[in-house]
Amino acid sequence: MTTTYKILVLPGDHIGPEIMAEAIKVLTTIETHRPNLHFNLTTDLVGGTSIDTHGVPITQSVLDAAKASDAVLFGSIGGPEWAGVHPTPESGLLQLRQHLDAFANLRPCEFLVPSLVGASPIREHVVKGTRFIVVRENCGGAYFGEKKEEEDVASDLWVYTRPEIERLARVSAAVARIMGRSEDDNQAATVWSADKANVLASGRLWRRITSDIFAKEFPDITLQHQLADSMAMLMVRDPRRFNGVIHTDNTFGDILSDISGAITGTLGLMPSASLCGVPGEGHRSNGIYEPVHGSAPDISGKGLANPVAQILSVAMMLRYSMGLEKEATAVERAVVKVLDAKSEGGLEIRTGDLGGRATCSQVGDAVCEVLGPLLQGKKA
């Protein structure tokens with residue numbers, strides 16, 4: 001029996017189509033070695049290309065197609081040719097998130113490739129072994145609260161409700177369980193909840209409701225509370241301290257996610273996800289999967305783009321929207337084999353941003369070549 005997954009593919013602008021082509025190669029490779037899986041791909045426009053064709057950064061038909069899909073694979077959007085255009089290309093992504101109610105943003109921070117730890121601006125002995133995921137509430141808080149702005153005074157209402165906090169807590173718990181399974185020990189990862197309960201009423205509500213949910217529904221998962229400002233400091237001094245899942249609101253999640261990106265020092269390797277539901281509950285959970293980096297118009301069309309973040313976004317999609325852990329892990333292991341130094345047993349096939357000379361398509365081809373045997377149960 002074949003299981004079919006509907007995926008909406010939105011390559012976007014500039015390097016978006018280039019890196020997306022390599023991600024689709026990965027899905028095709030999985031289909032070749034997993035005859036019981038089929039990925040039904042529909043490709044459409046978003047961002048600047050949608051503005052050029054339709055006059056808007058995303059059409060209603062694309063929004064409807066996204067809601068009817070099992071997942072959305074998103075490229076990158078924007079560029080200087082759309083400067084001053086309103087609505088902006090980037091607003092297409094915001095509309096997509098709002099339409100799907102993609103309330104949980106996931107940003108991994110880890111050194112998947114051992115020999116690239118040196119890319120971090122922080123000393124290797126401090127960051128080596130770091131592995132956490134920031135789970136950020138994406139649809140509430142100060143960014144979406146009522147705003148007042150006058151000549152000499154302005155305010156942003158920082159509001160959270162019980163349902164908003166509860167649903168994110170359930171996502172954080174699910175991600176902690178999935179992290180534990182991926183480490184082959186079946187022990188859920190620790191969840192670190194970041195707030196400002198010492199000064200913010202919304203922070204006290206956040207801490208109380210998060211504690212209630214974990215005590216009642218996830219008593220086996222370790223929950224720790226940390227003030228967000230001290231977490232930001234400690235994340236730089238000792239990032240391994242927070243290995244596991246960081247569960248936090250929109251504002252603090254925005255800040256902590258950017259710090260996590262600086263820790264790795266390699267935006268070209270960083271995927272992300274915005275989930276519309278709790279993963280791993282025996283049903284499909286829609287989500288938007290995209291690289292963290294931008295559209296890089298300076299290298300567009302030159303074959304220089306690094307496709308790895310887009311490929312790792314595929315791995316996140318397989319894991320969180322489809323529950324295909326073995327396939328997700330195989331994709332990650334293929335990436336490690338391709339990028340890792342020859343001295344570490346890797347192929348050291350890298351694009352220019354990582355000090356190599358390989359083209360975008362050469363990296364994608366190499367990942368697929370390694371992935372095939374891994375899907376058959378062979379070692380890389």
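Quick reminder: no glycine exception, Cβ is built from N, Cα and C everywhere.
The NAD(+) binding site annotation in Swiss-Prot covers 79-90, 294-306, and the record cites similarity to another entry as its basis. Summarising the environment of Gly79 (NAD(+) binding site), the number of other Cβ atoms within 10 Å of its Cβ, over all protein chains shown, is 22.
For Arg97 (substrate binding site), the number of other Cβ atoms no farther than 10 Å from its own Cβ, over all displayed protein chains, is 19. If you look up Swiss-Prot, you'll see Arg97, Arg107, Arg136, Asp229 marked as substrate binding site.
Every protein chain shown contributes to the tally, and the Cβ of Asp229 (substrate binding site) ends up with 14 other Cβ atoms within 10 Å. According to Swiss-Prot, the feature Mg(2+) binding site maps to Asp229, Asp254, Asp258.
Residues or ranges marked as site 'Important for catalysis' in Swiss-Prot: Tyr143 (among others). Classification of Tyr143 (site 'Important for catalysis') by DSSP places it within a helix. The 10 Å shell around the Cβ of Tyr143 (site 'Important for catalysis') contains 15 further Cβ atoms across the protein chains shown.
All chains included, 19 other C-beta atoms sit within 10 angstroms of the C-beta of Lys196 (site 'Important for catalysis'). Positions annotated as site 'Important for catalysis' by Swiss-Prot: Lys196 (among others).
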In three-state DSSP terms, the structure that Ala83 (NAD(+) binding site) belongs to: coil
Cβ-centroid neighbours of Mg(2+) site Asp229, Asp254, Asp258, 8 Å, sequence order: Ala228, Ala232, Thr251, Phe252, Gly253, Ile255, Leu256, Ser257, Ile259
Binding-site residues: Asp254, Asp258, Asp298 - member with fewest neighbouring CB atoms within 10 Å: Asp298
Integer Å distance between the CA atoms belonging to Asp258 (Mg(2+) binding site) and Gly79 (NAD(+) binding site): 21
Among Arg97, Arg107, Tyr143, Gly294, Lys302, which are recorded as recorded positions, the nearest neighbour of Asp258 (Mg(2+) binding site) by Cα: Arg107
Count of other CB atoms lying within 10 Å of the CB belonging to Pro87 (NAD(+) binding site): 14
Greatest inter-residue Cα distance in Å for the substrate-binding set Arg97, Arg107, Arg136, Asp229: 27
